[in-house]
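Asker: The transmembrane segment annotation in TrEMBL covers 24-45, 57-79, 99-117, 122-142, 148-167, 212-235, 241-262, 269-292, 304-326.
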Amino acid sequence: MHIGTQVLAQAAERSQQDTMGVPWWVWLATLGGLVLLLLLDLVIVDRKPHEVGMAEAARWVVFYVGCALLFGVGVWLLGGHEFAVQYFTGYVVEYSLSVDNLFIFMVIMSSFAVPAVHQHRVLLIGIVLALVFRGFFIAVGAQLIARFVWVFFVFGAFLLWTAANMLRNKEESEEPENAVVRWVRKAYPVTEQYHGTKVSVKYDGKRWLTPMFVVIIAIGSSDVMFAVDSIPAIFGITKDSFLVFTANAFALMGLRQLYFLLGNLVDRLVYLSAGLSVILAFIGFKLIVHALHEYGWVPEWFEIGNFLSLGVIVSVLLVTALASLLKSRGEQHATERA
């Protein structure tokens, strides 16, 4: 009993050292800044519905990545290099995992035949919903890891299982209509046609939902499944809920424009699932090692540092992208010769 209490006390002390201790007003200022970015996007891009071109999407991707980098510099200046490395590593992990979302987003857009001029609005609202869901998961996860050291074992084992499952099921097709979408269709009448950006219309005194509402729910709720993987993953990088949330927010906000920039090029990243599974397995192993370290079951030196984590993750992503491009180019040359 004494040993268990001592472990919990040591874990609590380390937990305080592993967080920035961000005051509430910084949280409010950060949330306000994120809302302003979304409003800016809404006013400029969605002021007049149009099909987002690659050049426009590229400019916005650079803008959001730049905002994320500037925020990281702020973390470095105010919190020190250790927290900055945690933030940048978490951002890279979340952004790379979010790219995997593009596959299901494309399936959903195609399945619901969303007009090209309205796709940005769908992604914007859907990702706002995703941020709310992820905020809830982050709050719960932060409380769990602060109170129970054994949660790291659970998160680590889950990520190892997810990594193996990602490799096994990489050829399976995605289902655009999840349980939430099917429930919405059963509970409410849905029109056959789109009515601009309206989510509901009135017919004969009765309120009908439009496909726009259904596809927004599909985008937002599908991200919940990705959050189940990504939230434990980033807690393997940092235990600071402020860094976890902001890394998620910047990754998701930049994902919308990445959707239009990459488009059909995403299917050329043939080794993406393999690369992401390696990253998840690495972080899962890191979580388990951290839990063993907290219980004092491994030597003090046997722990995976943040700089090593960042190096491994970036290296895996670079190798994955390079191998995918080489294979895609080889297949293209083979097709041309045939």
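Glycine is treated like the rest: Cβ placed from N, Cα and C.
All TrEMBL annotations are machine predictions without curation.
Distances, neighbours, how buried they are, the whole picture for these features please.
Answerer: If you look at the transmembrane segment (57-79), the same-chain residues 6 or more away from its ends with a CB under 8 A from one of its CBs are 20, 37, 41, 45, 87-88, 91, 243, 246, 250-251, 253-254, 256-261.
Sequence-distant neighbours of the transmembrane segment (122-142) (same chain, 6+ residues past either end, Cβ-Cβ under 8 Å): 38, 41-42, 46, 105, 109, 114, 212, 215-221, 223-224, 227-228, 231-232, 235, 239, 241, 244-245, 248-249, 252-253, 255-256, 259.
Tertiary neighbourhood of the transmembrane segment (212-235): same-chain residues 90, 93-94, 97-98, 100-101, 104-105, 108-109, 112, 114, 118, 122-123, 125-130, 133-134, 137-138, 141-142, 145, 155, 158-159, 162, 176-178, 180-181, 184-185, 190, 194-200, 244, 247-248, 252, 279-280, 283, 287, selected by CB-CB distance under 8 Å and a gap of 6+ residues from either end.
Beyond the transmembrane segment (269-292), the same-chain residues lying 6 or more positions past its ends with a Cβ under 8 Å from any Cβ of the stretch are 93, 96-97, 99-100, 149-150, 152-153, 155-160, 162-164, 166-167, 170, 229, 232-233, 235-237, 298, 302-304, 309, 312-313, 316-317, 319-321, 323-324, 327-328.
Residues 82, 85-86, 88-89, 92-93, 96, 237-238, 268-272, 274-276, 278-279, 282-283, 285-286, 289-290 of the same chain lie 6+ residues outside the transmembrane segment (304-326) yet bring a C-beta within less than 8 angstroms of a C-beta in it.
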